[in-house]
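> First the structure, which I've put down as structure tokens, then a few questions once you've had a look.
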């Protein structure tokens, strides 16, 4: 997605050779028009897969996921990082390690909203080592739901997340692939 790639190159801030900050349009302030295009693109890629639900994790995955859900005309469900007191019925649970925060969180999804009748598209803002996507995939498996694929907004292709997801048998669609953050510069796949 050319527009997204331009935005990553122009507004992304390289923190170090493994961390890219995109707070200006995705992780803090959200460019709604860009996220709408992200959602539309995911719809075009997965529209024939019978998607009944979009699944993501709070918080940064919500914007692209809700835009995709709008285009699919299906609910957007997000895994919570804390169990609210209102969640009294059953839930699915898994542990996810955040590469950026270097922290492991237990995330939950209510059994009320995910079942074996669902065909799920998992959407996440970043793909580094693949732990978040694999954790969400684990939740869909616990629910006996079908996973149609994984939609990633920004993939750090120099890390092993894409490979791990494919090894798990998952279809992965990354809209922007970053080849390198070396030299304090964003280099996209195809520009090396």
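A Cβ is built for glycine as well, from the same backbone N, Cα and C atoms used for every other residue.
Given the structure is predicted, the values throughout are model-derived calculations rather than measurements.
The xanthine binding site annotation in Swiss-Prot covers 20, 27, 156. If you look up Swiss-Prot, you'll see 128, 129, 130, 131, 132 marked as 5-phospho-alpha-D-ribose 1-diphosphate binding site, on the strength of sequence analysis.
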> Return the member of 128, 129, 130, 131 nearest to residue 156 (xanthine binding site) in space, with distance defined Cα to Cα and candidates limited to these binding-site residues.
128
> Compute all pairwise C-alpha distances among 20, 27, 156, the residues listed as binding xanthine, and give the largest one in whole angstrom.
16
> For residue 132 (5-phospho-alpha-D-ribose 1-diphosphate binding site), which of the three DSSP-derived states applies: helix, strand, or coil?
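Note: residue 132 (5-phospho-alpha-D-ribose 1-diphosphate binding site) is helical by DSSP.
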> Compute the C-alpha separation of residue 131 (5-phospho-alpha-D-ribose 1-diphosphate binding site) from residue 27 (xanthine binding site), stating it in Å without decimals.
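Each residue's Cα considered, residue 131 (5-phospho-alpha-D-ribose 1-diphosphate binding site) and residue 27 (xanthine binding site) end up 18 Å apart.
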> When neighbour density is defined as the number of other C-beta atoms within 10 angstroms of a residue's C-beta, which of the binding-site residues 20, 128, 132 has the lowest density?
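Each of the binding-site residues 20, 128, 132 was scored; lowest Cβ tally within 10 Å is 20.
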> What number of additional C-beta atoms lies within 10 angstroms of the C-beta atom of residue 156 (xanthine binding site)?
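I count 23 other Cβ atoms within 10 Å of it.
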> Could you list the residues of the same chain, at least six apart in sequence, whose Cβ is under 8 A from the Cβ of residue 130 (5-phospho-alpha-D-ribose 1-diphosphate binding site)?
160, 161, 162, 164, 165
> Using DSSP and three states only, what is residue 156 (xanthine binding site)?
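In the DSSP reduction, residue 156 (xanthine binding site) maps to strand.
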> For residue 132 (5-phospho-alpha-D-ribose 1-diphosphate binding site) and residue 20 (xanthine binding site), what Cα-Cα distance in Å is obtained after rounding to a whole number?
17
